[in-house]
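Take a look at the structure below.
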Amino acid sequence: MAYPLQLGFQDATSPIMEELLHFHDHTLMIVFLISSLVLYIISTMLTTKLTHTNTMDAQEVETIWTILPAIILILIALPSLRILYMMDEINNPNLTIKTLGHQWYWSYEYSDYEDLSFDSYMIPTQDLLPGQLRLLEVDNHLVLPIELPIRMLISSEDVLHSWALPSMGLKTDAIPGRLNQATITSTRPGLFYGQCSEICGSNHSFMPIVLEMVPLKYFENWTSSMMSTS
């Protein structure tokens, strides 16, 4: 999760987020080199006497500043396209979760189980326990197993919402009448927090998401207990 005064990204919890962090560093390095070159050229022009002010043709220079930007764009585009392909690729998911956005809460349905679904509401500030996070805690966590590919089917019952988990590198719009899908694969257990990331009304900021990733054994015990109490 995020911390006060944090400047960087949250710790990666999924292979996709790890790839996004590498891509961010890769792109930032290219931008830094370009910025350094531009600043060097500007400082040189300001501190030295201009020469060749009457040059009408410079074929070599024009060739360089046409080809070099194209190469730079390719170096940025190739890893970006690779990550986009990875985010859209869903191969043999072990579990399918249907997520529906409402004003202003989330509902989850475990499609592989006969009758396992629930709503997830934010816990009001006055009901929080010591150590719980304001505007981020919910009454029912979305519990999923770690190290397994999970397909998320995301839609909305009313207006536009967006189901976002920064540590997973995941942000998928929930659109009425349309079913979007995403993949979750967690590399470690824990609690991971997100929020609705599309303005959806007066209580938009009160739609937190809490994902609880647990080992498969604990997940099976949890599903059994949930189905026995429903």
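Heads up, the Cβ atoms here are built off N, Cα and C, so glycines get one too.
What Swiss-Prot records for H161, C196, C200, M207 is Cu cation A1 binding site, and it gives similarity to another entry as the kind of evidence. For the recorded site, C200 (Cu cation A1 binding site), the DSSP three-state label reads coil.
The feature Cu cation A2 binding site is assigned by Swiss-Prot to C196, E198, C200, H204.
The Cβ of E198 (Cu cation A2 binding site) lies under 8 Å from the Cβ of L160, H161, S162, D173, A174, H204, each on the same chain and at least six residues away in sequence. Look at Swiss-Prot and you will find E198 tagged as Mg(2+) binding site, backed by similarity to another entry.
For Y218 (phosphotyrosine), no same-chain residue 6+ apart in sequence has a C-beta under 8 angstroms from its C-beta. The phosphotyrosine feature in Swiss-Prot is assigned to Y218.
What Swiss-Prot records for 1-14 (among others) is topological domain 'Mitochondrial intermembrane'. Counting residue by residue with DSSP, the topological domain 'Mitochondrial intermembrane' (1-14) contains 0 helix, 0 strand, 14 coil.
If you look up Swiss-Prot, you'll see 46-59 marked as topological domain 'Mitochondrial matrix', on the strength of similarity to another entry.
Swiss-Prot lists 88-230 (among others) with the feature topological domain 'Mitochondrial intermembrane', giving similarity to another entry as the kind of evidence.
Summarising the annotation, Swiss-Prot assigns transmembrane segment to 15-45 (among others).
As annotated by Swiss-Prot, transmembrane segment applies to 60-87 (among others).
For the topological domain 'Mitochondrial intermembrane' (88-230), residue counts in helix, strand and coil come to 24 helix, 61 strand, 58 coil, using DSSP. Taking every protein chain shown into account, H161, H204 are the binding-site residues, and of these the Cβ with the most other Cβ atoms within 10 Å belongs to H161. Within the same chain, residues at least six positions away from M207 (Cu cation A1 binding site) with a Cβ under 8 Å of its Cβ are G101, W104, Y105, W106, M122, H161, Q195, C196, C200.
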